[in-house]
Amino acid sequence: MSEPSTSIPSEHRARVRTYLRLRPTRERASGSSIRALDEDEKNAVGEEDESAFRVVECLERATRRSATQRGVDAKHRFAFDGVFDESASQSSVFEEVGREVVEAATLGYNATLFAYGQTGSGKTYTLTGGTTTYEDRGIVPRALSMIFRTIEKIGTEEDAKFTVEVSYVEIYMEQGYDLLATTLDERQSAARGYARASEIPLPKIRLMEDEQGCMHVIDLSTHVVTSEAEALDLLFIGDTNRAVAETPLNMASSRSHCIFTVIITRRSRVADTLRRAKLNLVDLAGSERVHKSMVDGTTLQEAKYINVSLHFLEQVIVALQERSETGDESIHVPYRNSLMTMLLRDSLGGNCQTVMIATASADAGAFDESVSTCRFAQRVRKISNEVFINEELDVEMLIARLKEENKRLRVELALLRNSDSNEDAALELKLSAETVETLRASVRKYIDEDDYVLDCGSSLAKIRVVQEMLRDMCRSAERAGPRENDRTQITVDDVACAVVASTPDQTSTTQPKRTTDEAAFRLFCRDVSRVAPELEAKSDELKALTLDAKTIAREMNAIKSKVNVDLGVLDALRIARVVDAIADPSERELELERACDSERDRHATLRTRLDALKSKTFQLKDEIVALKTSCAREYSRFCSRFPRVGASRRASRRRVGV
């Protein structure tokens, strides 16, 4: 297994990578085909150089009325970062699509992989896999296996500690549910009145937005896993709780969007920072045309919500594409239109390395849906995200490290306080004579000037030299007795005790030491008396400001809560209006198809009439030219036969200015 590359820059712009996977056809498509072009057939697609991409061609034969009227085949060409044909294995898909997002997550980048396509095109099989053989495992189980192998190796080589957490969210009919809210045992013990544990309603989740605009999921459980087996068990539990129904297009159709999230936290044993990355593996519900799937009842209602949420997702993609092409960051991106787009906000246009795998079918009946999927992928691949490593301060590690440092400093301080006078003398000898004189001048200036601040720095040797100087001055002043200038004597005592109080001598018990302690107390009282009123005033001001801040914070929290509630109500009403506004899809789509066919017929009729009018116009122009030539020839012949008449006519024409 190849290990993650550390050459990726810590911050860079990354385009969303798109891949296409074709599902094996149930029936050989005689009217359409989807194939990847080889290097000789590949042409430039779009404005950028597509030499590094795979180009897929969707060809619709001229069997439908629209193609027959044109008399040509309908061709569509799309560029992808990779194309997997019907024979591609699950292993090859993971190696090219899934490995890069797992490597990014283990390095500290947020990463997202989502599958998009028509219902029954193989999205869930690609992500989760089949149940027949071990080789049928999908991207999610293989990603979990790679994550634990990678973190085990990195943890051994780089002395790092990893924590892995998982969560599983389902979005069903525009409501979010926690698929891992309880374990199987808890569900069975809590079943009580339910016939089966699976009938227990799952708890709903809520979204809250903070002042920085970041979305937080409320009431979503996260589970710490220590092995691949534990993670796979939770994945199985979540898949069991998903909403699945049988439709004419799919025996086990997913009726909800699901997001399986893996949070990887990496702590270094030698640094005070940690890296926390989030890997989202998203299985979107399949888009479907209701008149083809022929569903009704609850399944029809589910299809409405699925199509509406996918429509909102397309609106977000279109806005992001326009923002990327124009460079205008003021373009509004409607993330709040649906719960799914709010959850995928970072994945689309945020701090995330995103990969999309589009699934399509080459069946003749699914041609329009496959082309629509490819067009959606072309919009997605034009989006660029600002990606950077999610590194933050490890508070727990920092606190532990500071406690150890504090303990070490306490031991060192105790040793310094208990050192003998020989060590003090040795420290004094280390100072040069010039430094000692400078300190002596500073001490005298401090004695003479009340506002002068005596700064000895952080050097223990300087502090002890200054302490001895002041102690000697104080002892000399005491032996000399009181002087006329009593102020100077008090100042000397005060100055002496300033340093002694800050750096006490634990071994001295003599009378001068007690005297300097009393002087230190007087100096302390003097300094406190100067700043006490100012400190008291500032303390009162600070208390008032604190009360005001608390009041404002309470008001802001109340307003924010009310705004969030109102926004939730507005979102629910807007989504309900959109869903209610959708008429019976079968009748609506048939009506639209009839209208389109009528417009095509009308367009073809007008085109035919226009071509006929053009032909008749050209014919009339030719006839007019021929008549003019004939008239000129007859006039010349007339003038040659009757020259006098011709001359008089020419003269009259000159007179009238002809």
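Note that Cβ sites are derived from N, Cα and C of the backbone, with glycine treated the same way.
Note that TrEMBL annotation is computational and uncurated.
If you look up TrEMBL, you'll see 1-43 marked as region 'Disordered'.
Residues or ranges marked as domain 'Kinesin motor' by TrEMBL: 15-383. In the predicted model, residues of the domain 'Kinesin motor' (15-383) average a pLDDT of 78.
Ser121 (ATP binding site) falls within neither a helix nor a strand when secondary structure is assigned with DSSP, and so counts as coil. If you draw a 10 Å sphere around the CB of Ser121 (ATP binding site), it holds 27 other CB atoms from the protein chains shown. The ATP binding site annotation in TrEMBL covers Gly117, Gln118, Thr119, Gly120, Ser121, Gly122, Lys123, Thr124.
Per TrEMBL, coiled coil is recorded for 392-419.
Counting neighbouring Cβ atoms within 10 Å of each of the binding-site residues (Gln118, Thr119, Thr124), the lowest count belongs to Thr119. Just so you know, the Cβ of Gly117 (ATP binding site) picks up 28 other Cβ atoms within 10 Å once every protein chain is counted. Within 10 Å of the Cβ of Lys123 (ATP binding site) there are 26 other Cβ atoms, across all protein chains. Taking the Cβ of Gly122 (ATP binding site) as reference, residues of its chain lying under 8 Å away and at least six apart in sequence are, in sequence order, Arg21, Arg23, Thr359, Ser361. Of all the Cβ atoms in the protein chains shown, 25 others lie within 10 Å of the Cβ of Gly120 (ATP binding site).
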